[in-house]
Amino acid sequence: MLRYDERKLNNLTLSSFSKSGVSSDTRLYIAKENTDKAYVAPEKFSSKVLTWLGKMPLFKNTEVVQKHTENIRVQNQKILQTFLQALTEKYGEKAVNNALYMSSINMNKPLTQRLVVQITECVKGADGGFINLIKNKDNVGVMNAALVIKGGDTKVTEQNNDVGAESKQPLLDIALKGLKRTIPQLEQMDGNSLRENFQEMASGNGPLRSLMTNLQSLNKIPEAKQLNDYVTTLKNIQIGADRFSQWGTCGGEVERWIDKASTHELTQAVKKIHVIAKELKNVTAELEKIKAGASMPQTMSGPTLGLARFAVSSIPINQQTQVKLSDGMPVPVNTLTFDGKPVALAGSCPKNTPDALEAHMKMLLEKECSCLVVLTSEDQMQAKQLPAYFRGSYTFGEVHTNSQKVSSASQGGAIDQYNMQLSCGEKRYTIPVLHVKNWPDHQPLPSTDQLEYLADRVKNSNQNGAPGRSSSDKHLPMIHCLGGVGRTGTMAAALVLKDNPHSNLEQVRADFRNSRNNRMLEDASQFVQLKAMQAQLLMTTAS
């Protein structure tokens, strides 16, 4: 039986922060911290003197004063976090999160009894709902908010969604602590414990409820957009009857589904939760860096859930253009764009695992790709034992395939063509497959004519009337080599040139790098061949 009790940081409770006979504006700190005898104490007279000296130009740069200033900063941070933890123990994470979001109280000030009362009153109001928080006359710092009453439901809409700078670090700390507490609990979950303990997990301080509450903190900090987008992708993954974001609530579709689900269905649900928990460790790592002084990430690779052949440190996957299945599952594939228009789907060779191949096939089926272009040579496939998933008949999870060779040709780079029939449930789709058997890694094709011929073959693969270009990630060619950066980028750029020979190849490369990663079109010899193809096309156009 799993336990979800959170271990307290120490023995301090809310009552520990109330000190009779002490001025309400005296700075508080934790004495004998990290021991069983820790207690909240008022600042000593000697400390006050050093703090006063730190305000005087003559003394503020002395070693003893500077050391004291740093100690005070650390003390202030520790007691604030301990106080917020005590508040969370009493009122719950949601109330504390909401209070920090709505309140404009300066969290960078030293903790005093006056500040303790102000923050506690905000949390009490938040515990009773946003309306109480706004109506509370003792709440001295509520951001501009508008009440919207619709159909009997009262909601609060923020006129200013940005939180104050002083509230950002506490919100990030809450998210970090929540993740560090809940991830191990999610990793221990199994199908039986999920069925038996779901109500406990999805209420109070249970791991599912706490996780969803803590992750909301990131949505309140504009600078944390990359982190928030990452967790939003994970929360949108379908598990059982609903998206993962709904698994932190009792009494809904998720709970009803769990009651009726088979042992196999629960096992599959837990498997997805485990891979999501593993991905959330990446968020934890980023939050740890921010806590240590790093800036907010400006870019982040999207979650791969174990489906990617290469680590994102080697082959990044831009999460803003990452392709997602209908059930919200992200796949390690990007939509390449040029001049704002989609050109192709691009990825690495699928990882040789059942889950990765099933996701890859579902993507081809759901996106109704105009064709599949495999640029890994026959020699490379054998040397690296890459899956020849596009020829023969296979079953990958829910997807069944049956591929028939249509033609072989030495012209245009030894292209084999297949028609691959895909089926998943009632959905059926047949996709043309072009396998280029003699394109060496990190090198150009044997001739520029072969590159142009291949581009023509791809453009002419127009399955079921699907257009070669689209305004979305549907009906596009899916292209991959081994890593999905060199040959794949070259092939996609050749398609752009066939559309418009006057296209700026440097801009094509820049747009592809923005679309997927900075390694796109990284091989100089392949880029030289693209320029030769462009010159050839321009001469033909001129004549």
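Glycine is treated like the rest: Cβ placed from N, Cα and C.
Here is what Swiss-Prot records for this protein:
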type     : residues : note
REGION   : 35-139   : region 'Chaperone-binding'
DOMAIN   : 162-293  : domain 'Bacterial Rho-GAP'
SITE     : Arg209   : site 'Arginine finger'
DOMAIN   : 315-543  : domain 'Tyrosine-protein phosphatase'
ACT_SITE : Cys481   : active site, phosphocysteine intermediate
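Break the domain 'Bacterial Rho-GAP' (162-293) down by DSSP state and the numbers are 104 helix, 4 strand, 24 coil. The distance from the Cα of Cys481 (active site, phosphocysteine intermediate) to the Cα of Arg209 (site 'Arginine finger') comes to 42 Å.
In the predicted model, the domain 'Tyrosine-protein phosphatase' (315-543) has a mean pLDDT of 92.
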